[in-house]
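Participant: Could you have a look at this structure, given as structure tokens, before my questions?
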Amino acid sequence: MSLSWSAKDHKSSTNSPSNPTQGLKRPRNDTGNKVTVVLGAQWGDEGKGKVVDLLATQSDLVCRCQGGNNAGHTVVVEGTEYDFHLLPSGIINPKSICVIGNGVVIHLPGLFEEAEKNEKKGKSSLKGWEKRLIVSDRAHLVFDFHQVVDGIQETQRQATEGKIIGTTKKGIGPTYTSKASRIGLRVCDLLGDFKEFSTKFKNLVAQYQSMYSSLTVDTDTQLKKLKEYGERLRPMVRDGVYYMYEALHGPPKKILVEGANAALLDIDFGTYPFVTSSNCTVGGACTGLGIPPLNIGEVYGVSKAYTTRVGIGAFPTEQLNCLRSHDPHTPGLKMRCLCGQLSDCMRGLIALTKLDILDVLDEIKVGVAYKINGKRIPHFPANMELLHKVEVEYETFPGWKSDTSAARKWNDLPQKAQNYIRFVENHIGVPIKWVGVGKSRECMIQMF
């Protein structure tokens, strides 16, 4: 075929079948397998890992679609606590294949360190993890200098604006910036012609050094390490888009997508600019893995029974006198009450987690609406200055003052806890399918 299109490149219509679809190869599964998506409904520390782990025991494929190792999912299985940042939480299930999609940004040293650290915890669950992990060749790479730049940017914000974003300094924002600027480097670049990759890497470093004079990078040492990581990664790499197409249209499969971060950190829908750099709502599952919207099935939002947030940013329901000492895994957090305004970004079912943290409280205040100048507003303000000024309308519930951690059925919960859960469910207009009362897999009440 010639390089420029011409009429000769088209087959003659005289031999075309009367049915224009005749002879076309059909996908093996016309409708395609449906995908279940698990997403954070708040600021990302809702306990998504436990919900993913629960569903992964029945899944053939578990996929990460966005974010990087700035996310953290904790899974407790048989008394062992695993911490995942890049690996999908389903990696514990030895029967599941796990996928890191094109929308994820990957810090290779972090990926291998994470796998080794979890593998050493004395259990056989992660044995052979590298044979069950698929990495998309289109995923962008996080380099060490991206992480340094992340820290420099935070220092500059503090110096010029007097405030920071509160990033994890894992280089996620700078990597997505490189991606959007079309100067980023992907897995496929690393595994291609390494001489060409080296040139692009040095050019990328030079561009960042022109912007940040204090940035120093030992490019030769970095390239040597990257080449080693690349060869270690090579057996896991696939064309991620085609792999997902095959999974969707092949034999029946249960496919699970695990979102990182959460709705209020979404780059478009969150509390901008105090957000992450990717789409954490359901659209991220489509763009980050190449899944058509038609194949999205059930969507589960995960929400704590209360709300906390690390860092800064407008948060009108903050209570300065509550849970600071009651969540041992997040010291120094301040309680900020349940927020469901953005549930439409992930309309589906809800898993309400960490109910047991509220066991000690005398009363629970739930923010149900925002007011400006005494009038209710029907939306979550986009403007942070406006959000700082809103007045919160509350409903107050008596605490149940009893231990719920042993509850395994709805009827095991105190009546006052049941009343609180039903109020939340009715107020946000989304059914609650699970209620979590502890860290481990079995500490979950299934409602229906």
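Quick reminder: no glycine exception, Cβ is built from N, Cα and C everywhere.
Unlike curated records, TrEMBL annotations are generated automatically.
What TrEMBL shows for this protein is this:
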REGION    1-31  region 'Disordered'
COMPBIAS  13-22  compositional bias 'Polar residues'
BINDING   44-50, 72-74, 354-356, 436-438  GTP binding site
ACT_SITE  Asp45  active site, proton acceptor
BINDING   Asp45, Gly72  Mg(2+) binding site
BINDING   Asp45, Glu46, Gly47, Lys48, Asn70, Ala71, Gly72, His73, Thr168, Arg182, Asn261, Thr276  IMP binding site
ACT_SITE  His73  active site, proton donor
ACT_SITE  Lys179  active site
Participant: Filter the binding-site residues Lys50, Lys354, Val437 down to those whose C-alpha lies within 10 angstroms of the C-alpha of Asn261 (IMP binding site); answer none if the list is empty.
Facilitator: none
Participant: Give me the Cα-Cα distance between Gly44 (GTP binding site) and Asn70 (IMP binding site), rounded to a whole Å.
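Facilitator: Per the Cα atoms, Gly44 (GTP binding site) and Asn70 (IMP binding site) stand 10 Å apart.
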Participant: Which one is it: of the recorded positions Asn70, Gly72, Thr168, Lys179, whose Cα lies the shortest distance from the Cα of Lys50 (GTP binding site)?
Facilitator: Gly72
Participant: At the Cα level, what's the spacing in Å between Asp356 (GTP binding site) and the residue listed as 'active site, proton acceptor', rounded?
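Facilitator: The Cα atom of Asp356 (GTP binding site) is 15 Å away from the Cα atom of the residue listed as 'active site, proton acceptor'.
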Participant: Near the Cβ of Asp45 (active site, proton acceptor), how many other Cβ atoms are there if near means within 10 Å?
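Facilitator: The answer is 25.
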Participant: Residues with Cβ closer than 8 Å to the Cβ of Thr168 (IMP binding site), same chain and 6+ apart in sequence?
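Facilitator: Those within reach of Thr168 (IMP binding site), by Cβ under 8 Å and sequence separation of 6 or more, are Asn70.
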Participant: Roughly how many angstrom lie between the C-alpha atoms of the residue listed as 'active site' and Gly72 (Mg(2+) binding site)?
Facilitator: 22
